[in-house]
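J.: Attaching a single structure in structure tokens format; questions to follow.
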Amino acid sequence: MNLAAMDPTTYDAQLTAKRIKLEQAFAQFETPSVEVFASEPAHYRMRAEFRVWHEGDDLYYYMFDKVLNDKVRCDQYLPASALINQMMAALITELKPNHSLRHKLFQVDFLSTLSGEILVSLLYHRQLDDQWRSEAAALKARLSSQFKVNIIGRARKQKIDLDKDFVVESLQVNDKVFHYKQIENSFTQPNAKVAIKMLEWAIDVTQNSQGDLLELYCGNGNFSIALAQNFNRVLATELAKPSVDAAQYNIEVNNIDNLQIIRMSAEEFSDAMAKKRSFRRLEGIDLDSYVCNTIFVDPPRAGIDPATLELVRGYERILYISCNPDTLKDNLQQLNQTHKVTRFALFDQFPYTDHMETGVLLERR
């Protein structure tokens, strides 16, 4: 973190610098003009994590500033949503005089939504007892007069949910509202308003699609649920069980009837498609019945592994969302042999950092 860089008056210049850097890095692929999707310059992060410093009777949040090489007190935090900032102040006021709730508390995580829900996770270097549970329940009751809040307590090999361990986000995407269950400690897009722009862009570039869609690394179904309207059927894979469970919830709550989620890794699915291995998880699913002309990939920072990359190259159209331009560039070295980049986008999920989220549509040459 570099707090000094978080200056809204410099946001436009920083975003322009990112665009130029991205264009230069990918010039060899003869990409079309970069479509740039800006963030709000402040209060854009829907989640935030803070360490907690104890100093006598005082108690405050802090982060580590890599430039100053020191901890920095954070009573408020410009990148975090307005809801998180409101909760930060209300929560610390409650925690300071309460020995049971503050004792050996070392971290607080916040997960908020545009729909107004917020989840607070309190992390401790001690085991939590009935006294903690009682005090936490009373805290939740008091905070509930101002917030739609849930509280979780965590310690080594211990997790206490006072009510539920998730929030439900509602995103207005074009003329539709999609609802997404977001589970504590699982991946979610941190910048909700930019996430909406990503969904709208993905819907736009896949308009008038033929056949079915295959998605790898689908998470909680964020993209596949929104894209289902553009395809006959959608087949999606995800390995993490909490994400698969959330995806099934999201499919039901959004009334999606043409989306099938399979719990398996991209590598396993590649083997299944190549008939190298059989999986019990695929019983009752006729892979050969799917006519997937388009594949959607949103891989981790490491990019796509070689075997899966070969699978991806077999599709007419490839929609690739990347959180790491370096591994995207490496993957494009291979994909560019058979496919051409026809759409190219920069999504500024993380203002005031070097991080660049990109979207690429490739079509067979």
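Don't overthink the numbers, they just go from 1 along the chain as shown.
Yeah, the Cβs are placed from backbone N, Cα and C, and that goes for glycine too.
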J.: Among GLU238, GLU252, GLU268, GLU316, which residue does Swiss-Prot annotate as binding S-adenosyl-L-methionine together with GLN189, TYR217, ASN222, ASP298?
T.: GLU238
J.: Based on Cβ atoms within 10 Å, give me the single least packed residue among the binding-site residues GLN189, ASN222.
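T.: Selected from the binding-site residues GLN189, ASN222 on minimum Cβ neighbours within 10 Å: GLN189.
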J.: Provide, as an integer number of angstrom, the distance between the C-alpha atoms of TYR217 (S-adenosyl-L-methionine binding site) and CYS323 (active site, nucleophile).
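T.: CYS323 (active site, nucleophile) has its Cα 13 Å from the Cα of TYR217 (S-adenosyl-L-methionine binding site).
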J.: For CYS323 (active site, nucleophile), what residues in its own chain, 6 or more apart in sequence, show a Cβ-Cβ distance under 8 Å?
T.: PRO300, ARG301, GLN349, HIS355, GLU357
J.: Helix, strand or coil by DSSP: which one applies to GLU238 (S-adenosyl-L-methionine binding site)?
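T.: Assignment for GLU238 (S-adenosyl-L-methionine binding site) reads strand.
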